[in-house]
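Inspection log for the structure reproduced underneath, given as structure tokens.
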Number of protein chains: 2
Amino acid sequence: MRKLEERIMKDGLVLPGNILKVDRFINHMIDPVLFEDLANEFYEKFKDKKINKILTIEVSGIAIAYACGIRFNCPVVFAKKTSSKTLGDNCYRTEVFSFTKNRSYEVMVSKEYLDEKDHVLLIDDFLANGKALEGLIDICSQANATVEGIGILIEKVFQKGGENLRRQGYTIESLARIKGFTDDSVIFED
Amino acid sequence: MRKLEERIMKDGLVLPGNILKVDRFINHMIDPVLFEDLANEFYEKFKDKKINKILTIEVSGIAIAYACGIRFNCPVVFAKKTSSKTLGDNCYRTEVFSFTKNRSYEVMVSKEYLDEKDHVLLIDDFLANGKALEGLIDICSQANATVEGIGILIEKVFQKGGENLRRQGYTIESLARIKGFTDDSVIFED
């Protein structure tokens, strides 16, 4: 999507270690006008699917998932990384390995909010190794919910997460596809 | 706001220790239609203020803050609880004490995204002791930003956070004001 690529070129920052900093409009400050456009784009790509729930993972997936919830007119569930007094024990749980933090963390979704009647669109900000998405897919599988598709803002296609998931049959739409970095810039796939 | 009170009565759950569980529509699953109504209500209450930025705190403030960002047509910044490679050191920092978790945690906002030109609407889901809001106010103070108002979904008025902040001169609009709980129900202020 041209608009997101242009914004990444303008406001993104490439850090050592193939890290793309998009704090200025996605991960710390959010541009709601851009996010409405991004949600509209996901809607165009998935409007023929029977989607009744959006599922994402806290923290940085929440705002774009919510924007999609408005567009698809359905509830948004965000998987939690920390337990709480209100969450209780009645949860689907899975382990997600974070390469950025070099450790695993647990992800939880209450069984009250996901079940076999759900047709789910998974939404997240980044796709690189795909571990977070695999966690969400595992949770959908535990719930016998159907994954109708996966919407990603920025995919690092030189890492293998997207390729692996597509090979398993999942439909993934990434609005910006990065094939590599130079020292200070981003190379998008044609 | 009648609509939010009715939703709390219908879908909220009172847990021991004066805890109100609103996971079904705010804290774990989000109802986007309700959130648009809530953001419209905040807009009605604060539309005469000169607001150019929404500030909230991760995690559960993000979705309602984003909904307000759309309505007020301005960027949304969420304060972070964990450091990261992309956040860097150029941050305002403050300590927030959590009574729920009985410990302090650090909250950070990058200096890039808040400064003396900003007129800020603070948004959060709950107001009880007010410690999270005091942290956001401290960060605005460090940035020399102006706090134009505070929008809260659910205030526990029997705790003293709101009273203290109003006494300091802050304008707080809470869409549901709870004056107490019975064993299994909520008593709203008239």
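Cβ coordinates are placed from backbone N, Cα and C, and glycine is handled just like the others.
What Swiss-Prot lists as xanthine binding site is A:LEU20, A:ASN27, A:LYS156. Taking a C-beta cut-off of under 8 angstroms and a sequence separation of 6 or more, A:LEU20 (xanthine binding site) has the following same-chain neighbours: A:ILE8, A:GLY12, A:LEU13, A:VAL14, A:ILE154, A:LYS156, A:ILE178, A:PHE181, A:VAL186.
A helical conformation is recorded for A:ALA132 (5-phospho-alpha-D-ribose 1-diphosphate binding site) in the three-state DSSP classification. According to Swiss-Prot, the 5-phospho-alpha-D-ribose 1-diphosphate binding site annotation covers A:ALA128, A:ASN129, A:GLY130, A:LYS131, A:ALA132, on the basis of sequence analysis.
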*CB-centroid shell, 8 A cutoff, 5-phospho-alpha-D-ribose 1-diphosphate site A:ALA128, A:ASN129, A:GLY130, A:LYS131, A:ALA132, site residues removed*: A:PHE99, A:LEU127, A:LEU133, A:GLU134, A:GLN159, A:GLY161
*Which residues, in sequence order, are found in the same chain with Cβ within 8 Å of the centroid defined by the Cβ atoms of A:LEU20, A:ASN27, A:LYS156 at the xanthine site, excluding those residues themselves?*
A:GLY12, A:ILE19, A:LYS21, A:VAL22, A:ASP125, A:PHE126, A:ALA128, A:ILE154, A:ILE178
*List which of the binding-site residues A:ASN27, A:ASN129, A:GLY130, A:LYS131, A:LYS156 have a Cβ under 8 Å from any Cβ of chain B, in sequence order, or say none.*
A:ASN27
*Starting from each candidate's C-beta and looking 10 angstroms out, tell me which of the binding-site residues A:LYS131, A:LYS156 has the most other C-beta atoms.*
A:LYS156
*Integer Å distance between the CA atoms belonging to A:ASN27 (xanthine binding site) and A:LYS131 (5-phospho-alpha-D-ribose 1-diphosphate binding site)*: 19
*Looking at Cβ-Cβ distances, which residues of the chain lie under 8 angstroms from A:ASN27 (xanthine binding site) while being 6 or more apart from it?*
A:LYS21, A:SER60, A:ASP125
*asked:* Just to be sure I understand the packing, how many Cβ atoms besides its own are within 10 Å of the Cβ of A:ALA128 (5-phospho-alpha-D-ribose 1-diphosphate binding site)?
replied: 23
